[in-house]
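Accompanying notes for the structure given below.
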Amino acid sequence: MGIEPRAGILDIRPYKPGAAEAPGIADPVKLSSNENALGCSPKAAAAFEASAKRLHLYPDGGATKLREAIAREEGLEAENIVCGCGSDELLQLLGRAYLDPGDKVVQSQYGFLVYRLVAMQSGAELVSAPERNYTTDVDALIEAAGDDAKIVFLANPNNPTGTYISDAEVRRLRDALPSSTLLVVDAAYAEFVRNADYSAGLELARERDDVVVTRTFSKIHGLAGARLGWAYGNKSIIDVLHRVRGPFNVNLPAIEAGTAAIADRDFMKRSADHNEEWVAWLRQQIGGLGLEVTPSVCNFVLIHFPETPGRTARDADAFLTSKGLIIRPVEPYGLPNALRATVGKAAENRRLVDGLAEFMGG
Ligand SMILES: *Cc1c(COP(=O)(O)O)cnc(C)c1O
């Protein structure tokens, strides 16, 4: 007889990361995890390497230098920032700190899978609000939240759909929720979005004490392997997160790499420029093959496949994998007829389109 974990833990379906290998293919193209097509800032890589001489030392538990660099670049107050081992950790910490068993957690229909994990780990009840056109529907979220949601998780823009809602819509959502509901705005892809009506929500988080914004170094900064994220919010929330985080939750090389990365605005701009060009190209090319592509402001596209035998998302995934093209099934999100493909380097994007063209033509 084993030792029983807390109620509900064994119901959790462990998070399955994007595949990294295609059987029998030596040099597969990995477009399954929304990693940065350009790699990372050379300055960040150099800072990471230089930190090797100090690996015997504990890092600064408060990641002060990194928080100050973020504050400087983003025009924020360092004391209102907490850093984490990826923004995933910060989402987990929010659950640990604020959720009791039975609490209600609300997300949008195709919301990022980590919200489900966070809710289940705390024994909270997850309610999903229907979307329209693969886009968050604020009215549906408000209705689902009612007057007793503890946390509303909003990925803006969202993964795996790639869509976003405007700052005005986020504010309308916040205004409609009771002040006892914490609104978590997960803006992992914020730096890619150039639409004038978009905001990552930092201003809103500054104005209110019931909003927290999470950000990541995994996407625009290309530091997914370093595991680094940050949250910004009112001091009362940030103080709570500091209490529940591990004493040294952000490692020393990550602090060094992140501090260099956030200051490298040139690398960030190049990443966003590359993305703007290629996300539009992918949508146009893949759309030209007769496949529906959801308009995306992120570094990936959601591609919809027909249910015709031989032409399904599952068939496409198997075919592409056999060609060494690894993209992401999104069945766990309730999207069995779609696949998500990350924007890659120019040649990788061309290979993907060629592969899809062969699949559709074959
Ligand atoms: C990639 C992603 C994150 C970032 O996770 P990290 O733990 O920081 O790597 C957070 N939220 C969403 C919606 C994402 O797609």
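Cβ from N, Cα, C; glycine included.
According to TrEMBL, the domain 'Aminotransferase class I/classII large' annotation covers 27-355. For Lys219, the entry in TrEMBL reads N6-(pyridoxal phosphate)lysine.
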Requested in this report: Please classify the secondary structure at the residue listed as 'N6-(pyridoxal phosphate)lysine' using three-state DSSP.
Outcome: coil
Report task. Compile a sequence-ordered list of residues in the same chain as Lys219 (N6-(pyridoxal phosphate)lysine), six or more apart from it, whose Cβ lies below 8 A from its Cβ; state 'none' when nothing qualifies. Result -> Asn34, Asn36, Ala188, Tyr189, Glu191, Phe192, Asn299
Requested in this report: Give, as a single whole number between 0 and 100, the mean pLDDT over the domain 'Aminotransferase class I/classII large' (27-355).
Outcome: 98
